[in-house]
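Novice: Questions regarding the structure given below will be posed in turn.
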Amino acid sequence: METNNNLSTQLFKCYFCDILKLKMHKMSCIHLLYLVLCFLTLTHSAAAGPETLCGAELVDTLQFVCGDRGFYFSKPTGYGSNNRRSHHRGIVDECCFQSCDFRRLEMYCAPAKQAKSARSVRTQRHTDMPKAQKEVHPKNTSRGNTGSRGFRM
């Protein structure tokens with residue numbers, strides 16, 4: 001009886017090993033498939049290089065790249081090291097009609113704002129801003145004085 005029990009145990013172990021090997025083989029194939037897909041995706045995106053960005057996609061990308069600094073659609077005069085370009089060219093010319101990369105996008109970001117103390121902001125607010133003057137519009141006297149009488153035409 002003990003030999004019969006050993007035989008069934010060995011058969012179970014062998015059957016279990018076969019199932020485990022089959023599952024391992026399937027899992028390896030799935031992992032290999034994922035690895036190949038990842039490789040192809042990365043290779044394709046690396047080969048693509050700079051992209052063209054237009055419209056809302058360009059604005060969203062600039063907001064992401066520049067963050068709280070904000071951005072310009074055209075470079076300020078004298079901004080950047082390449083002065084041979086016309087100052088009329090803007091981000092749309094460079095990134096929508098042609099391809100541009102991250103560094104090109106970053107050139108259109110506004111400079112970082114420097115933190116000011118609360119006192120300097122308060123002082124600046126009172127000294128730098130002129131008082132709003134009321135606009136005085138003269139009365140229209142071209143029709144003449146009609147008094148309280150209403151004229152019909």
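Any Cβ shown, glycine's included, is placed from N, Cα and C.
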Novice: Which cysteine out of Cys38, Cys54, Cys66 is the one Swiss-Prot pairs with Cys96 in a disulfide?
Specialist: Cys54
Novice: At a 10 Å cut-off from the C-beta of Cys109 (disulfide bond), count the other C-beta atoms across all protein chains.
Specialist: 15
Novice: If we skip the immediate neighbours and take only residues 6+ beyond the ends of the region 'B' (49-77), which ones have a Cβ under 8 Å from one of its Cβ atoms?
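Specialist: Same-chain residues near the region 'B' (49-77) but 6 or more away: 87-92, 95-102, 104-113.
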Novice: Does Cys66 (disulfide bond) have same-chain partners at least 6 apart in sequence with Cβ under 8 Å from its own Cβ, and which are they?
Specialist: Glu106, Tyr108, Cys109, Ala110
